[in-house]
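Asker: One structure, pasted below without further comment.
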Amino acid sequence: MTSPKKVTPYAVIFVLRVVEVCTQSATVPLVSPPLPSRPFLAVWNVPSEKCGSDFGVDLSLDSYNIVSNPDQKWNGTYMTIFYSQQMGLYPYYDDDNMPINGGIPQVVNMTAHLAKAAEDIRTLISDPDYRGLAVIDWEGWKPVWNRNWDTKAIYKNASRSLVEKHHPDWRKEKIEAAAKAEFEAAGRTMFTETILLARKLRPKAHWGYYLFPDCYNYKKSTYNGTAAYSCPQIELERNNQIQWLFQDSTALYPSIYLSSRFEQTEDSRWFVYFRMKEAFRMRASRKEQSIPVFAYTRFVYEETREYLTKRDMMHTMGQAADMGADGIVIWGDYKNGGTKEACLELQSYLRTMLGPYILNITTAAARCSQQHCSGHGRSGTRGSPTNVSSLLSPFPWTVLLLNQLLLLTVL
């Protein structure tokens with residue numbers, strides 16, 4: 001083992017970059033995040049309960065300031081996610097292109113949908129006083145007509161067929177216009193009435209839709225003369241069209257998942273920066289109370305499932321904290337904790353990389369809040385993408401507990 005070369009207060013490198021810009025406003029109150037009350041939360045949304053119960057592998061999430069449901073289940077005290085089949089009669093087409101619940105929102109019986117949604121909410125969130133995160137994950141189709149492309153084009157085709165069925169003598173252009181109008185109106189009704197019902201039944205929860213807002217910045221573009229991943233202007237305008245969705249939400253859940261193509265480049269910091277920037281823009285567009293922003297992130301690349309590099313961990317989780325987000329939701333599936341081997345790999349990654357880094361940014365955010373915001377709100381930078389070196393020295397590290405003081409040991 002190599003002896004430590006230098007010991008420094010572990011949050012200093014992160015805090016030095018932060019500019020005195022507190023997200024709390026004197027005129028717009030900020031909704032508090034769920035307990036524990038911290039300026040920046042890291043919430044575990046990984047079904048890793050088998051690691052401890054079946055395989056005896058302790059992930060020790062609490063020691064890294066990671067908030068998890070009891071027994072590390074997907075749904076529980078702090079975190080609940082509703083997938084398409086767990087929230088009412090959400091219409092969609094399955095992998096075999098078969099319509100489920102009618103396939104498109106225009107044909108859904110909203111009375112039956114809301115009755116089923118109420119039952120689902122009471123089942124997954126039994127506590128009427130629930131104060132945690134509540135995420136609706138509806139990914140089958142988008143409420144904006146022109147965002148339903150590729151495999152989602154089936155929703156547009158079904159909508160056209162529905163109009164043509166009732167008006168076989170209409171011209172193609174008239175059918176298209178009617179299909180678009182009917183689809184978007186029905187989609188808005190479904191999204192709006194569902195979340196308003198959820199807020200009524202569990203008013204203290206932080207309700208929002210996963211992946212909203214999105215800005216579709218998957219292709220490299222030019223920003224101020226620099227190659228980047230800025231959000232296309234047309235997508236910003238489309239987000240403006242669904243401002244009603246952000247108005248109805250009590251939390252925003254953008255996604256900063258990374259494709260493996262970012263692994264060998266610096267591009268991930270631009271990709272994440274613009275996605276977070278758009279989330280803050282849509283939050284600012286609200287007419288009422290400000291709401292928290294929790295970025296959905298993963299600790300693996302989407303295609304390869306390889307663990308994130310240090311650089312990309314900093315560009316995702318670290319940059320979200322640096323920009324002033326309320327927290328991150330760390331998502332994973334059963335493959336991350338379904339076998340003893342997977343649990344041991346995850347335990348090792350938590351001990352050596354992910355855990356210490358989350359401990360770093362959550363503690364740094366707390367110190368920043370005290371220093372720059374008097375313990376109210378959070379500090380953040382919004383002006384430019386975060387440089388890795390400003391988040392944490394790019395060297396291996398370990399965390400030591402010395403007289404209750406957290407120190408970062410750079411090896």
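Cβ atoms here come from the backbone N, Cα and C positions, even for glycine.
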Asker: Let me make sure I read this right: TrEMBL says C51 forms a disulphide bond with another cysteine. Which one, out of C343, C368, C373?
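Answerer: Candidates were C343, C368, C373; TrEMBL matches C51 with C343.
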Asker: Could you round the CA separation between C343 (disulfide bond) and N360 (N-linked glycosylation site) to a whole angstrom and send it over?
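Answerer: Between the alpha carbons of C343 (disulfide bond) and N360 (N-linked glycosylation site) there are 23 Å.
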Asker: Of the recorded positions C51, E139, C231, which one sits closest to N360 (N-linked glycosylation site) when you measure Cα to Cα?
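Answerer: The answer is C51.
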Asker: Using a Cβ-Cβ cut-off under 8 angstroms and a sequence gap of six or more, which residues of the chain neighbour C51 (disulfide bond)?
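Answerer: Counting only residues 6 or more apart in sequence, the Cβ neighbours of C51 (disulfide bond) under 8 Å are V57, D58, L59, Q72, G337, C343, L346, Q347.
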Asker: Give the distance between the Cα atoms of C231 (disulfide bond) and E139 (active site, proton donor), rounded to the nearest whole Å.
Answerer: 20
